[in-house]
Amino acid sequence: MDVLSPGQGNNTTSPPAPFETGGNTTGISDVTFSYQVITSLLLGTLIFCAVLGNACVVAAIALERSLQNVANYLIGSLAVTDLMVSVLVLPMAALYQVLNKWTLGQVTCDLFIALDVLCCTSSILHLCAIALDRYWAITDPIDYVNKRTPRRAAALISLTWLIGFLISIPPMLGWRTPEDRSDPDACTISKDHGYTIYSTFGAFYIPLLLMLVLYGRIFRAARFRIRKTVKKVEKTGADTHHGASPAPQPKKSVNGESGSRNWRLGVESKAGGGLCANGAVRQGDDGAALEVIEVHRVGNSKEHLPLPSEAGPTPCAPASFERKNERNAEAKRKMALARERKTVKTLGIIMGTFILCWLPFFIVALVLPFCESSCHMPTLLGAIINWLGYSNSLLNPVIYAYFNKDFQNAFKKIIKCKFCRQ
């Protein structure tokens, strides 16, 4: 999507397609050789990195079984969409930028604009689909496990492409102005005011509002759970300080034996005294001591279950046990707060990158068609805004995949050709 067509008039395009600059624009129609070389190197590097990054994400999901789940299907579809932007749209946009004029003819121009709008809009809407999937997963985790199916992912993906088609096709069906094709050296999308509002709101402003609402609620839900964990830990620590050991909690183990159950007593009776061993015993409501047993279940999981003990009442935990639990409670509290900070950072990166890349373009896309005679857009600024939007297709795989440890392991396998050996 070109925000400003090189060296042209102050006519705009709707997102995400080329703009033209008007007579008030500062720029040159005849570019220098050094400009062409430098621009070619910069844009060529951006395109190469975008193709490589998105192709690696697609390959990782296709080759690594552990990555083949509904959440990653959406990320994989996003990578395919950004790969289409990188292969089908960016080369023509780069040529347009380097030559400072459109040289591929009107038919190719129409195809370029349609692909530009379709792929960039679908890419943005994929980010909404991922946000919606994450919102359902964190706010309704129990029920959504059964609803989170490949069919639902396919429906979300299909919806993103359908909306993209509904936004990209109208100019080809006549929703444009007579001036849109008046200059053979320029390639611009419809400057019709109605289409400008329709396309900018459908492709960006409504998705932006939806993402802000969804990620805002995701953050609130995550913060609520984290702080609930902190309060629970602090309450457990307070109970321990007053003489009662905390109730045993379920924990996982990888030592389970398939097809059988192993029962092991976590506390053993000692003659001549009460039971007190690393917090595995607590005073029951009926005064009886509770022993902890470990249950090894099929599926490599271990659970701790309290059972009444035949021993008598248990004395309070020793001071060393209290200090240990206080330290554990403080450590868990710090971990919970660190998780909250990480959540803020992650959501900030996701929304910050999206807004930084696309907001400048869509502000220009919405405003410029309504002030053609009075608005002034420097050519260089227009090019920066334009390619800032395109760069989102390069950054998406970094944000949604490369920060994920499972994807990192798959990428290492790809680099070391482990999949080839298999």
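Each residue, glycine too, has its Cβ placed from N, Cα and C.
Of the cysteines listed (CYS109, CYS119, CYS276), Swiss-Prot assigns CYS109 as the disulfide partner of CYS187. Swiss-Prot assigns LEU99 and SER373 to topological domains of the same name, so the membrane does not separate them in that record.
According to Swiss-Prot, the feature motif 'NPxxY motif' maps to residues 396-400, out of the candidate ranges 166-170, 336-340, 396-400. Here the motif 'NPxxY motif' (396-400) has Cβ contacts under 8 Å with residues 53-54, 56-57, 75, 78-79, 82, 123, 127, 130, 349-350, 353 of the same chain, all six or more residues outside its ends. The number of other CB atoms found within 10 A of the CB of ASP116 (serotonin binding site), across every protein chain shown, is 27. Residue density at CYS120 (serotonin binding site): 30 other Cβ atoms are found within 10 A of its Cβ, drawing on all protein chains shown.
The residues of the topological domain 'Extracellular' (371-378), classed with DSSP into helix (H, G, I), strand (E, B) and coil, number 0 helix, 0 strand, 8 coil.
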